[in-house]
């Protein structure tokens, strides 16, 4: 670099303005720290480079938790959605997950506007090429233009930009997503800091012209009439609007044949790809290879926004050559006359092994260097946002001299996500799912505010408005449950006739209205005719009351399990600097414990290679040290 010059210092520099970077920067700025968020292109702020939706199974929980902590994703998507659906409604409330289609352009514009209008926050177009560290402390960052920004903390939220390599068959080129510039020099800077990098891969399907498809042969997938907001600040508000349709169709046997005939032209199967792809979002080539007995696969057709004719074709991501893609897409039902607007591609990128991080997402050895999002080996906008807000909070806590802000597995899905990454690591892009969470019934998406907002308010991130709304919600639920306990329903002929009409058994003796609601065939709403004193509650509160009542026993059991879990989580291991000094541990346990540096006995117990007998050895060692 020919000429370097110094710029004004910042408390925090966030590198990357995707979903992790936006939440991180907003958190540090709102906590009073002078923050810069830098992006290779301001046109890619809060970009949705793959699917045009927010939420989904497990992911919706993350968005609600980010919102409960005072984050922005939920508020922005509530303003910019074009379709809303609650998934898994036939199952229990633990796995209900909100999923909405976003208007990509409006989402970008809205989030960019929030960043531009946030106090203490500067949005800067620049490529960060170097991080300077002195005595294991962050000193500055340098941009490609030669500007040196002194800073006390850096949060890396680089997405898929680090040495990004786009692949379409034999055609490969260096690039970030959507034709954006990739970043090579920052990868070299990280390696110079002793941080090992590895390669992961993801992909995206083609975008096709809306008017070139035959929707009459597809199944319409409309949005829900009753729109539930993502942000708790919008609970009780009507945010409904005219919604766009999505569509379901299928690949055919001809699709399968074309892919099989051209597999050797896919970089995945030609040995060009070094990165590991996502297990739970496979390319169409992967599906054909992994499920050879299936002659058809689901394809979802989703609009990208109100101001564009581009349609996102979920389920058909591919790295095949462009001409093969076009031939293959035409064999999908309803795609006979399809016109491509953007071709499908795979992208390979650098990321770290997240076991080098603390649960605050700070590097184990370099103070105030934080990582969030896909650079940690995760996939998905929601996973990125969850990590971003935690990294931002903890960067602020460090610089303000306050205690770390850690969510554990019993606190939040965000806690599960981060614990999995930093404790177990991941060999493939990590996707959040409800099945990863041990305490699903207590960590529902509808109670994220009751779980997290008070803690976020204590550190100054959740606003007074958000906190007071949560307190009112809690008070209303508690009072209604107590009221229902006090109302007796007696076995009169009129009562039993009403019960028969509702498909419920007659009463022999009097019971409380609360116990009546516990019957599987009855709901809170259906019991209104037995409750002359009932006042009208908003739907979101009625559902909360019903969930508390129907699952009371299960929730109590899970709370007991959480109590036991907390005992191990609260046994801190910071007294042990080198596990070689602990006699009786297996060699593998010593290596893993020294590498990962678990913060608690609970975290140590979840490390692969650390056995129950190793945990007992640690327990005995800790007890003897206390004496």
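Cβ coordinates come from backbone N, Cα and C, glycine included.
Database features, via Swiss-Prot:
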{"type": "BINDING", "residues": "16, 17, 18, 19, 20, 21, 128, 183, 374", "note": "FAD binding site"}
{"type": "BINDING", "residues": "277-291", "note": "NAD(+) binding site"}
**Asked** Hey, of the binding-site residues listed (16, 18, 277), which one tops the CB count within 10 A?
**Response** 16
**Extent of the FAD binding site in Å [max Cα distance among 16, 17, 18, 19, 20, 21, 128, 183, 374]** = 18
**Prompt:** Reduced to three states, what secondary structure does DSSP give residue 281 (NAD(+) binding site)?
**Reply:** coil
**Message:** Return the residues near residue 374 (FAD binding site) by Cβ distance under 8 Å, restricted to its own chain and a separation of at least 6 in sequence.
**Reply:** 18, 20, 158, 159, 160, 200, 349, 351, 384, 429
**Fill in**
Students should find that the Cβ of residue 289 (NAD(+) binding site) has, within 10 Å, a number of other Cβ atoms equal to 16
**Request:** Measuring CB to CB from residue 283 (NAD(+) binding site), give everything in the same chain under 8 Å that is also at least six residues away in sequence.
**Result:** 203, 266, 268, 277, 317, 318, 319, 346
**Fill in**
Densest Cβ environment (other Cβ within 10 Å) across the binding-site residues 20, 128, 281, 285, 291 belongs to 20
**Prompt:** Of all the binding-site residues here, 279, 287, which one's CB has the most other CB atoms within 10 A?
**Reply:** 287
**Message:** On the three-state reduction of DSSP, what should I expect for residue 128 (FAD binding site)?
**Reply:** strand
**Prompt:** Where residue 16 (FAD binding site) and residue 281 (NAD(+) binding site) are concerned, what is their Cα separation in Å, rounded?
**Reply:** 24
